[in-house]
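Engineer: So TrEMBL says this about it:
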TRANSMEM  B:38-58  transmembrane segment
DOMAIN    B:206-414  domain 'ABC transmembrane type-1'
TRANSMEM  B:210-234  transmembrane segment
TRANSMEM  B:241-260  transmembrane segment
TRANSMEM  B:293-315  transmembrane segment
TRANSMEM  B:347-366  transmembrane segment
TRANSMEM  B:393-414  transmembrane segment
Amino acid sequence: MALPPYATTGQRVWFWTFRAICVAIIFFLIMPILVVIPLSFNAQNFFTFTPEMLRFEPGAYSLRHYQDFFTNPDWQAALWNSVRIAPVATLVAVVLGTLAAVGLSQSHVPFRGTIMAILISPMIVPLIISAAGMYFFYSRLGLQGSYWGVVLAHAVLGIPFVIITVTATLVGFDKSLVRAAANMGAGPVRTFFKVQMPLILPGVISGALFAFITSFDEVVVVLFVGSASQKTLPWQMFIGLREQISPTILAVATILVAISVALLTTLELLRRRSEKLRGMSPG
Amino acid sequence: MTDATAGKPPRGGQMLAADGTPLKVSLRRAMRAQKLRALLLISPLLLFVLLTFILPIGDMLLRSVENDIVPSTLPKTVVALQDWDPKTSELPGEPVFAGLHDDLVIAVEKKANTRLGQRLNYEYSGFSSLMRGVVRDLKSMDTSRPFMEQFIEADKKWGDPAVWRTLKTFSGEYTSGYLLNALDMQRTENGIQMKPEQERIYLKLFLRTMAMSLGITFICLLLGYPIAFLLASLPLRTSNLILILVLLPFWTSLLVRTAAWKVLLQQQGVINDILVWLGLVADNARLVMINNATGTTIAMTHILLPFMILPLFSVMKGIPPSYMRAAKSLGANDWTAFWRVYFPQSIPGVGAGAILCFILAIGYYITPELVGGTSGVFISNRIAYHISTSLNWGLAAALATLLLVVVLALYWTYDRIVGIDNVKLG
């Protein structure tokens, strides 16, 4: 959308106004995330910029909130719980999700629409309803307040993402490759691991990243299904934001932003690789 | 037909496979095997989702009508009450009171009387204290005298037909009481009626949730449309860069974003500081932007904006730019070309994005809880309150059921318009 040389003054004005509006909207999207980062180095216990910070005095900045995060037993326990729950939930979601996505991508699946609707529903149903249902049901089974209760709940929340990303990758998958492998004597299991899996791997990994972030960032379900001994990082942040506001939260937030930047970069690289594998030109 | 052997000429022009079976049969068999394999691959996950997700939700739906506590705690009373006509102002007869005595003796032993009192208190306030008092009253009762007098002596409320009417109304295994309550209705002698004006809270909360979600969706559309338009019209390399700026908030933790808005919007926060420094706002008249509906709207718009931009972008990518040029070459000005040619083609994206945003918005819990104060909370917050604080689980389940009905209707619409297969991420 370049401005043609014959544009009238009005068109020029509108062109630049439109760009200015877009810049403002993007500023609205990005600014809140960026503002957290300098504030996390605040030497004071304030949630805002101190006059010293604005004058860039070195004494106004410190790492004390990071230090608090890495030494405070509450935060460390929460971090440890998150690290213990998220990978297991991701593993369950990815293994079951990939299998099902391979099944769903076959040409003649009965009740495909219904099955798909059921499998995607954890993403659509409001979290509070999922949390309420699981809370009531898991308490009957004695799973409420247990490690496995939270893992199962997080796994089921991650499944829609795995299904969506892996089926999307499978759309571009050439099925004659499977037939070629079978023709040369490979069994279905061998064909899957040697031929299909390497080609859909980018989709599987991005599904896994989505499932991981879903669990790592989830707070509503864990609040209800978990008990104090399953307190995760988001739970601790939630308490911190609701009750005693401590700037340590901003330090944690900065660390989480760094993690999401890393994840986003990984995803972008995977997307390019997947497009290259499918023979499309990288963007 | 299957016994046809190879080598025979095809009967009636029927095609045969290599092993001699007609091609149709052979194909059907192969397909059946394929279908079976597909289902086998899907079944572990389907079972998993059914067990850990669908069943819990079904259980919750059931809980919104379940009422077994009354018939299971007071079995004899419930049976004896069947002959009593609740429309009369007379009290039920002696057998009912005798049954009540027997039931309550067992209930007090099992300490079930307080739970029952709590349950019936949702329908008729005063039941809770009545049931707690029962422990003391039962001890002084004489089994040789009629129980009716003794109960009324112990507590006048037993002589009130309204108490018995409540008991009779809620003596079934199932009740619509919670659902009616969630809709601000109640069951009276004259059938189902709306509650008095000042007691209606849930309908108002539902309406507020809907209105605020609509508002947030609309703002998201206003802000998201230009960005999606820009993304679709820029060369791929530049648009990819901007797309990353859109995706970064999408990937950032929800709590981080909520924390950021808390930092920005507070009275001693960054935005107010800047406004004061610029002299736009007096220091003693700082804007109240948090713990109210404004806070919820701003923070949730920020959180849901990527969900609007991404579907819009994926639709706009597919609109050929030559259409706009064609319209202009035929004499349309910029606005007409956009409004009459471009915009109608982007409608599917608008629909998809708007429904997605709305579905996500009406179920939101965390952000309204943290920045909503009292005037910016949603129905979800009320559900959470009833689960963890007031412990009125039946009502929580009923509210959740109503919310679920709304969301599923929207989900169905979304499936019709976009198709769940076409949901794209990132």
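Cβ atoms are placed via backbone N, Cα and C, with glycine included.
A TrEMBL annotation is a machine prediction, not a hand-curated record.
Help me picture these features in the structure, burial and contacts included.
Structural biologist: Tertiary proximity for the transmembrane segment (B:38-58) is limited to same-chain residues at least six positions away from its ends with a CB under 8 Å from its CB atoms, namely 404.
Long-range contacts of the transmembrane segment (B:293-315) within the same chain: residues 212, 215-217, 219-221, 223-225, 227-228, 231-232, 243, 246-247, 249-250, 254, 257-258, 261, 265, 345-346, 348-350, 352-354, 356-357, 360-361, 364, 367-368, 371-373, 375-378, 418, 424-426, each at least 6 residues beyond the stretch ends and with a Cβ under 8 Å from a Cβ of the stretch.
Beyond its flanks by at least six residues, the transmembrane segment (B:347-366) meets 209-210, 212-214, 216-217, 220-221, 224-225, 228, 254-255, 258, 300, 304, 307-316, 378-381, 384, 403, 406-407, 410-411, 413-414, 417-418 of its own chain at Cβ-Cβ distances under 8 Å.
For the transmembrane segment (B:393-414), the residues of the chain that approach it from at least six positions outside its boundaries are 57, 60-61, 63-64, 66-67, 119, 122, 177-179, 181-183, 202, 206, 352, 355-356, 358-359, 362-363, 379-380, 382-383, 386-387, 420, judged by C-beta separation under 8 angstroms.
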